[in-house]
Structure formats: structure tokens, C-alpha cells
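As recorded in Swiss-Prot:
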BINDING   67-70, D141, 177-178, Q188, R191, 228-231, 278-279, D303, S306, 337-339, K352, 390-391, 419-420  NAD(+) binding site
MOD_RES   S279  phosphoserine
MOD_RES   S357  phosphoserine
Amino acid sequence: MEAAAQFFVESPDVVYGPEAIEAQYEYRTTRVSREGGVLKVHPTSTRFTFRTARQVPRLGVMLVGWGGNNGSTLTAAVLANRLRLSWPTRSGRKEANYYGSLTQAGTVSLGLDAEGQEVFVPFSALLPMVAPNDLVFDGWDISSLNLAEAMRRAKVLDWGLQEQLWPHMEALRPRPSVYIPEFIAANQSARADNLIPGSRAQQLEQIRRDIRDFRSSAGLDKIIVLWTANTERFCEVIPGLNDTAENLLRTIELGLEVSPSTLFAVASILEGCAFLNGSPQNTLVPGALELAWQRRVFVGGDDFKSGQTKVKSVLVDFLIGSGLKTMSIVSYNHLGNNDGENLSAPLQFRSKEVSKSNVVDDMVQSNPVLYAPGEEPDHCVVIKYVPYVGDSKRALDEYTSELMLGGTNTLVLHNTCEDSLLAAPIMLDLALLTELCQRVSFCTDADPEPQTFHPVLSLLSFLFKAPLVPPGSPVVNALFRQRSCIENILRACLGLPPQNHMLLEHKMERPGPVLKRVGPVAAACPVLNKKGPVPAATNGCTGDANGHLQVEEPQMPTT
């Protein structure tokens, strides 16, 4: 069925007001206790009231590393869609779109229609969201190239599209940025010709002035700052240096060690702007997280989950979820863009290695039948710099799992990842979902005081390799669970139950009046779509899914 563009929830629990959508929602879950070696499961229920402001703001996005491959590609994508550009390629004419974006190209199921078929709507139709074509961009970069020159240097887009975008991007030029050589690879020094001078405190203040200038000059209601610059080395967390907000601000004032990304995070938080870290380093040190908590500003991270790691978070979930004991994961990458060149330095590679290696931890820990405490698969990650392949990253993976009775299963996967074309829609989703979360508040019957989401916005985990979560919260890396979290929280804002995929009405021997089937048997009730009748069976056969014809459903006796 085609995705509908608009819908309304008809329920006494949902009110569409002129300023907000208010919904009553029953959150049902379970709590588990242990008594004498026995697990006791206690169903619980909490009544929430969600309020989502309907007024969509004028939103600006500031990219740190605006002139890099990701920043120039995202800017080009929004311009190409806004201008409705098309261009010739060797395989035919292409048109601008937002493929790869969860919010713009993904759909969600609302339920079943009168024919028993699922009805889907675009993800962006669930709640009022900023239209991506309305985004306003600005940002910083250590390279002074304008965005048109940066686009040409990146070599990501077809030449015909670059030619059309050139006059629109030529006037866009990054603001000077912070360059601290010891945090990134030495090979980046050749690009560093557009720098903020002065002490760390002066650099922090300049970043804050840039944010304020962008807000006023572009007439913006909100700004979201997103780090898409180079991977930095890890910053050691030291008591008295960056362990608290007070100590971190003092460290900046005294000119002690602080990474450029942490400077941008602190500046963003102080200006009330959400900050999202798209690289693997530990930008959001404890002091930055405490500052975000004090200022009630959203932060999220770490490291865009775009290619190889996204596949891994699906495949390992499938293997372990199927009862196969994955024992070895070997991941090899080679790429030729500037990210690859920067990662050729050992300290920067170590940051990436950590974020790519932790992605399977929660899946392993979820199955104590397969894995003893402390047991985990061997996991090796290799990244090599090969300039010729440019932005077209190659990812090769080998997964070896144990089967029953001593058998083994090996999966080998080759994945060509267009690095920036995969990352750009993720950046788009991060900005749109973060802004939406800023308009959502809720309360419970037990705590009627309205509140918002925790400043560490773990709802964004679907989009990050190493997702940050509030202290004490479980880290979820399995992709299906991460997507379900976003979808079900947005459904809760409309008073809708979580999507559980049970389809129980199709599995009952004797449906009641509410769950009544459309016809007596699947074969006798073909589903209609715009192309005409099609068999209900999934393999194209009329009858059961294994190809055998169905018999008439017998009448069951009633008591």
C-alpha cells in the first residue's frame, strides 16, 4: 500500500490543540526480582501525558568541519533537493532525493485497514518536523576553501550535479576553526589555513560569538551544532581537569589540555544549542556532560553509524538471536578520503577502533546460554588508507560462529560504502530528531511536573556507532531495537501502542468481532492493490506459504 501523507489519531486520549498535540499513554513494562534463585517478573504500568509543540522553528545547523566531505555533501544534498535538480549519468538521469534518511525515506506502520493490510506512513508524518529543505547551514573548518571548492575536492558527487550546484555553494565559506595539532594526524597541517587565534578561552568566546552571529543574521529560532570534523585522539579524563563542569571551565580558562571538539561542545552548551558528536573520540568528557545537565541542553554521540558498523549491528543480532555462537569477527576497511588519511595515524585510529569494536557487546551479553560471564567473540578491526578509492570505502567482514555438534559457519561480506553519501542523511536525521525532541515534554500521574528527555539524548542511538546513554542506562547497539525505540517513542507522543509485530488478529483460530478476519481463508481472499489481485501467500502461490493449497477452514464448535 502507498504511504499516506497525513493522518490523525481519533481517540479520547489524544487532543490536537492549536499549539500542541497532547496524548495520554499507558507505558507497560516489567520488573524482575530474584528470590532464592527464582526470577519473579512483575508487570508494571505508568500513565504518561505527552505534549508535543506543533510550531516548527526556523532551524540552523552549524557543522564543525563544514568544508569536509560530509559537510559539503550534506549542504549539496539539501540545495539539490531545494532546487529540484536532476543531472545525467552513464546509467540515466538522476533526481535529487533523501535516500538513506530514516525521517525522509523511512516509513512506519500505523496498523491494519479494512482488508487486513498494513497501512504505512512516512516517518516524518508521525509528528511535526522541520522540512529538510528549510534548513540553514553555517559552520567552521580549518581549511579556507569555500563549499564549492570543498565539494570538488571531495570528489563525491557527479560532475553534472557539481556544475549546477557551483554558483549556489561558491558564496558559502566556513568560519575559522580551532586547530590543536596534537589531537589530529600531522598530515592535516597542510589544510590548516583558517584558524581562530588566541588562547583556549579566547577561542571558546569566538565560537560563542559565531553562534550568536549566525542566529541573528539568519533570523533563526534554534541552532544545532554537529561535529563532523577529523577524528581526534582520546582525551584522558583526569580529576581536577575535566571531570566536572567547574573543572572543565577552569581548564579552558587556564589554557590546559582540552580538545577542539570539547571546546565546541562547551561553547554550544553555553549558548543553549544541542551538540552532537559525529566522530569517535571522547568529546563529551564528564565535565561536558555535567555542564549539559546543568544547562538542560541536549548532547549526543558518538560516531556516525553509516556503513560497515550498521551492517554488523544487524548481522550479529541475527546470528546470536538465531542461537548461533559467534566466536570471531574480523573487519577490514580501506578508504582514500581525508578521513582515511587522518586515521592512518595510530592515535586517531585507536579512537575509531574502540567505537567500531564495542558495537556487539549488548548482543553478546543478552545471551547467557551461549556466552559465559566475561566471554566474548574475538573482534579485530583494521583500517588502511588507499588514496585511489577516495570516498568509496571498501569494507570486508568475516563472521565465524559455532553450530550444534561441533560445526562452524562462516559468513564473508564485501560492502562498498559511499562514505559521505551514507553519512550525510544520518546528519540530517540527527538534526531533525534532536529538534523534535526539544519540543516534546511529558509527565506522569505520580510526577505531574512536566519534564523533557534526559540531556544525554540516547534516543539517537540508531544513528551512532558508540551511543552515549545517561549514567546507569543500558547501552543498546542492536539496530532493530534502536529503530523500534525511536518509532515507539514517537508513537507514544500520539497515544499509540508500541509496534509489537504480533499481528495477533491473523493468528487466532476464532477471531472476535473486533479482530474478525476479512475472509474465511487466505486463498479465498486475494489482496487488492493498484495492480489488481495478488495471492495472499508470500511465495506467490495461492495457498499456504509452502505452496500447498489450503482447504476450506472448518467451522469450530462453540461452547
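Cβ atoms are placed via backbone N, Cα and C, with glycine included.
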Exercise for review: Could you round the CA separation between D141 (NAD(+) binding site) and S279 (phosphoserine) to a whole angstrom and send it over?
Suggested key: 15
Exercise for review: Out of the binding-site residues G67, R191, S420, give me the one sitting nearest to S279 (phosphoserine) by CA distance.
Suggested key: S420
Exercise for review: Work out the three-state DSSP category of S420 (NAD(+) binding site).
Suggested key: helix
**Study point:** For R191 (NAD(+) binding site), the three-state class that DSSP assigns
**Key:** helix
